[in-house]
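Colleague: According to TrEMBL, the protein carries these features:
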type: TRANSMEM; residues: A:21-43; note: transmembrane segment
type: TRANSMEM; residues: A:63-81; note: transmembrane segment
type: TRANSMEM; residues: A:88-107; note: transmembrane segment
type: TRANSMEM; residues: A:113-133; note: transmembrane segment
type: TRANSMEM; residues: A:145-166; note: transmembrane segment
type: TRANSMEM; residues: A:199-224; note: transmembrane segment
type: TRANSMEM; residues: A:245-264; note: transmembrane segment
type: TRANSMEM; residues: A:276-292; note: transmembrane segment
type: TRANSMEM; residues: A:299-318; note: transmembrane segment
type: TRANSMEM; residues: A:330-349; note: transmembrane segment
Amino acid sequence: MRIELQQRQAPSAIARLLAPVLALAAAFLLGGVVVAAMGRSPLAALDVYVLQPLSDPWALQEMVVKATPLVLIAVGLSFCFRANLWNIGAEGQFVVGAICGSTVALATHGTEAGAWVLPAMLLLGTLGGMAWASVPAFLRARFGVSEILTSLMLVYVAELILDYLVRGPWRDPKGFNFPQSVTFDEAATLPFLTDGGRLHVGILMALVAVVVAFVVMGHTIFGYRLRVTGEAPRAARFSGFSEPRTTFIVFAISGGLAGLAGIVEVAGQIGQLKPSISPGYGFTAIIVAFLGRLNPFGILLAGLVMALTFIGGEAAQITLRLPFDLTRTFQGILLFCVLGADALVTYRVRLVRGAPAQAAGRAA
Amino acid sequence: MTELGATAGAGADETGPPLIAMHGITKVFGSLVANDHIDLAIRAGEIHALLGENGAGKSTLVKILYGLLEPTEGEIRWRGEPVRLAGPQEARSLGIGMVFQHFSLFENLTVAENIAAAMPPDLSLAEVAAKARDVSGQYGLSVDLDRPVWTLSAGERQRIEIIRCLLQDPRLIVLDEPTSVLTPQEADRLFVTLERLAASGCAILYISHRLEEVRRLCSSATILRAGRVVATIDPRAVSAREIAGLMVGTALHDVVAGRGAAEGAPRLVVRGLSLASEKAHGQALRDIELAVRAGEVLGIAGVAGNGQGELFAALSGERLAHGPDVVAIDGKPVGHLGVTERRRLGAAFVPEERLGHGAVPDHRLAENTLLSRHGTGGLVSRGFVLADATRALATRIIETFDVRKEGADPRARTLSGGNLQKFVVGREILREPGVLVVNQPTWGVDAGAAALIRQALVDLARSGSAVLIISQDLDELFEMADRIAVIHAGELSAPEATGDLTRETVGLLMTGAAAPKGTVHAH
Amino acid sequence: MSIVEAILLTIVTASTPLLIAALGELVTERSGVLNLGVEGMMAMGAACGFAGAILFDSTLLGVLCGILAGGLTAALFAFAVLGLAANQVASGLALTIFGLGLSGLIGAPFIGARRDPITHLHIPGLTDLPLVGRLFFGQDAFVYASLLLCLGVGWFLFRTRKGLLLRAVGENQTSAHSLGLPVLRVRLLAILFGGACAGLAGAYLSLVYTRFWSPGMTSGRGWIAVALVVFAAWRPDWALFGAYLFGAATVLQLHAQAAAIGIPSQALSALPYLATIVALVVLSLGRRRDTGAPGSLGAPFVPDR
């Protein structure tokens, strides 16, 4: 038995839209199998993971809050992935963004510094993420070193820097020796959209990023440049688009948005620096980008879906005592399913019985 | 089907069933019928030509014959017995050998390893090498077995393919466009080898679009057009013009060349261009000098892999030269400028590879207009793409250059080679560029499209532009070029007026056997 | 035992999993497939290896479980990239995320359990030699096995017909296919071998190196193994050299932390990752054009039929 693929002449638009839905369904099915293999009821898990959060207004707000960093990062990553460049170190850029932005919050802590604090934090966070991302971009453009490996290695380095800071120089002296910074002043905290709600203005930034990305990607020469670079690098060169420059720009965009997400998360959600400020947003955003088919509005939806798995994962940890790793497992399965569903859009897949045609004579 | 002349070969075995007979072979890809009920029979000792335009279905048919593709319908008989070829191994074990057009070699492996890769797995590398040595001695096909393939010339590479084939002790050898990458002299050597093989009883299926070769070598020929057999003939009994008519289906017009302006001002000038290749096994350029004048077509001949791609990259600005003065367009130094800046100075470029270089395969034609024209006005405003303008331009190109396509704005990869090439060349010519550099303008293009493209290029030159054509096809250069230079091992010979040159002298320059640069002009 | 000897011995133990995982990935990449999921496969090997060893109370059976787990996760990857021609980079990431998650589920019940040290070679006389005795004649079986594996991979790739087949498929899939070589089957086997090696490396981590299991214990070693393959220019002998170089860096960094020389421990912990980046840059300076990468590395393969 073997699989034969035949390229479709024109992949249908409906198939493109349905592919992520199909992938999601398949992933839930396989996730259920994993839960069943653990000796738990898949239906109870589905209830806790999906149905309860969706019917609880507080959880719905939390979902939007969690989707914010995912969407910000994934929108940035979609620029990279369109150009076939692989920034998989967004987690590190997120952390560095949080660190850089927090310098302002910590420096002005307890002072009467005014309204400039928050914009300065956001700006520094963005720049920090950009700077961290420009290292792999530079190494690729100048030395031809794989950006995949370098961007990932820098995640570990960034996390260690954060660890050092919150255990060392930035530790709150009144924090009972916990590895965490002081809690940010109100001037260094993102305002909430509604009184008593959980929604902060970072959500608006994510929405702006989605709309801007949609326009840039679909209607500008820069968006065209990225698509050409990703689909036909030689044609991009023929077109006069320098690859090193493209690399720098997309890494700056994705790093900047990841850095922004980092400082937004710290200033909006957490309110202080801790060793773990992210449950893996930078990696999950990769899945969000693919699940959203690299389309900004698709990413918006996909970000909400993935945020749900975080909320559900936390709930399942408490109520069902299902480990949080189940969420990670599910996320991995989902990414496989998304990639597999893409194949169904691009190719006509059929199963052929019998030994591979070419095996004869060379089977030894 | 027309029958012109008898189908009989000199050394062919006339009795019994043919060595191989294909009956009613049909192959359908999606909605495309590549082969439509094709019949083909070859006898032992016969050199049989398979003729047809690009896209007529020749490659599909030989892939079926070699087991690489499964026919949708039809039957193959080997010595009268029906066979099913599940893969190349089975074809080889029957005695079918194949010499591919795009050689199926592994650049970083040695010659011996390349040969061994296609041999039964129970033979050791040493045994394969010993056998290869025997065969190469027997047929006078000398190659160094320990060298990595990337160091070898096209002729040597083909020898590896032939040795690999002969080691299987084949009864039928299929050669796909074997002379397309050879110099005339190398082609002559190949013909001698093939005739010896045929005399020893081996059948040969010879695929080519070069009619003179076929008339010289082959005793019978099957002609394909649009996936169907249109005639089986004795090529020696029929004129080349008649055969061409059968292949194309309509009468072809010769390109009206006229004479180029002898004393136009130089519009594209290259001085002392040296450039290392950036590919692992590419060819460095060495001290290239050339000038293309207004109104002329300058041809650069050469065997593939002698620096054509690198020269194109340096002229287009895809790679920058060492100094500004190394390349000049209309007197302006541009060596330091990129592609877009050079385009803005009136230059235009057509690369060799259509899909993936000259056009983005999965983009629609309208989007593909942007590829080379986004920087020269009209299509982009303040960073935003003017979608209507790209569509209008695509329509103009399609109408002016008779680009045939399905649907209003199809993806580039759905066009046939000829139609996509017309689009890519048309996109540049419609700009009326002052300088046009074209690499392999009609490679893999059907005759009708090739004629249209060649005429358009000549007309552009006659209107005062400087046109530089890099081509492996000597016929094409002799037809169009006012002067011809030859590139070999990264060096360019001094251009000579086409009228003063013969195919033999150009062929010698292509092998690097002729006097080095400079001495040509010494008398 | 002198401190130098102790350090040398730990270097060997730290290098062995890197070497095994890198050799597996090297074979996979030589066939033209880039599997970035080594980290995930290694994590699975570590968790399943440890679980198996506890459940069957046998290190050998545990190791077999680890190998099997690595192979099975690799099969998932193979299905995606060979069967469905999915993007290899993205599929590798999916495998990493999946492997890290699932290994967490599998390993969780075994947190806190500990394995006894495994037996080491002992040749009376030789093993007792000062300084070099235990280094050369007193290692555990996996160390010797990893060295044999290195020799074996080199011999297979460059001295056998099947190795030639594998290199040919990785070098040019189009040529290989037109000669009728079984491209997909060769790649399937190479991916499975890579997975088995990563699984073995993971099992070694949990059963020999630390002798307990903890979440995220691979801590980037799988990624370093991928980097080692580039560093080694796809050659097994250089992979051996690279693995020991990185093993040494890791161990010296740990000793420096223990010695409390005034540098923050996080800076020392970051050294292996920074060293990887530096090594890749330095290597690229030496070979600007020919990296030694297989010609078809990372390209999907969809034959007509």
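Glycine too: its Cβ is placed from the backbone N, Cα and C atoms.
Just so you know, TrEMBL annotations never went through curation; they're auto-generated.
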Colleague: Using a cut-off of under 8 Å between C-beta atoms, tell me which stretch among A:63-81, A:113-133, A:245-264, A:276-292 contacts the transmembrane segment (A:299-318) the most.
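Modeller: Most contacts with the transmembrane segment (A:299-318): A:63-81.
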Colleague: Which residues of the same chain, at least 6 past either end of the transmembrane segment (A:276-292), have a Cβ under 8 Å from a Cβ in it?
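Modeller: Same-chain contacts beyond the ends: 20, 23-24, 69-71, 73-75, 77-78, 81, 88-95, 98, 155, 162, 258, 261-262, 265-266, 270, 298-303, 305-306, 310, 324, 328, 331, 334-335, 338-339.
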Colleague: With pairs 6 or more apart in sequence, are the transmembrane segment (A:199-224) and the transmembrane segment (A:63-81) linked by at least 3 Cβ pairs under 8 Å?
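Modeller: Yes, the transmembrane segment (A:199-224) and the transmembrane segment (A:63-81) are in contact.
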Colleague: Could you pull out which residues elsewhere in the chain have a CB under 8 Å from any CB of the transmembrane segment (A:21-43), counting only those six or more residues past its ends?
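Modeller: Distant Cβ neighbours of the transmembrane segment (A:21-43) are 291, 305, 320, 322, 326, 329-330, 333-334, 336-338, 340-341, 344.
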Colleague: Mind checking which residues reach the transmembrane segment (A:330-349)? Cβ under 8 Å, same chain, six or more beyond either end.
Modeller: 3-8, 11, 15-16, 19-20, 22-24, 26-27, 30-31, 34, 284, 286-287, 290-291, 306, 309
Colleague: Excluding the flanking five residues on each side, which residues at least 6 beyond the ends of the transmembrane segment (A:245-264) place their CB within less than 8 Å of a CB in that stretch?
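Modeller: For the transmembrane segment (A:245-264), the nonlocal Cβ contacts are 68-69, 72-73, 75-77, 79-80, 82-83, 85, 87, 90-91, 93-102, 121-122, 124-134, 136-138, 140-141, 147, 190, 200, 202, 205, 209, 222, 225-226, 229, 236, 277-278, 281-282, 285.
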